[in-house]
Amino acid sequence: MTTVLYYLPPSPPCRSVLLLAKMIGVELELKVLNVAEGEQLKPNFVELNPQHCIPTLDDHGLVLWESRVILSYLVSAYGKDENLYPKDFRSRAIVDQRLHFDLGTLYQRVVDYYFPTIQLGAHLDLTKKAKLAEALGWFEAMLKQFHWSAANHFTIADIALCVTVSQIEAFQFDLLPYPKVRAWLQKCKDELEPHGYKEINETGAETLAGLFRSKLKQ
């Protein structure tokens, strides 16, 4: 049996899993699910994941979804050292906090602002733009604490947040008011460059941004 990832290349959560797998040398059998065509609703996939969302990982019968959970599992199971996800419970708590901030606040506000246009062709809501700017301001403040987002070394929180912020950048949201975010993002790009950053993340971010711009013109 192999470790299987059900995914869609432009999906930001899927991209974060692919980047980590590349970084730690985990071989994945990739199975594309075209959610636009409802492939995630096929009975065999719903049986595997009743929530029928991507990414979904099947690691020899252990089935997980929610990308940040997959990140923590993969690095715990297959990581070569603890730097990416520290074992010290206080250090790990900071990484977890940043992952939850990404999931529940920063990435959620990206979804709230951009995805109604991508999925439904809706007009942009400026109140949601202000909420996204607010979340970026909070992240800017967080970056004063460490050299990276959650520690003085690179962690899985940086992977998840880098994918989110690089997508914001691809959407051409103004990042000039956030100098620490911009400097951190460039460090993340440099760190991930040997691990397929352009192929996995930059290409996916531009694909999603292109879809957004096409819907914006309609």
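Quick reminder: no glycine exception, Cβ is built from N, Cα and C everywhere.
Residues annotated as domain 'GST N-terminal' in TrEMBL: 1-82. According to TrEMBL, the feature domain 'GST C-terminal' maps to 88-207.
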Task = Could you pull the average pLDDT for the domain 'GST C-terminal' (88-207)?
result = 98
Task = Please spell out the DSSP helix, strand and coil residue counts for the domain 'GST C-terminal' (88-207).
result = 92 helix, 0 strand, 28 coil
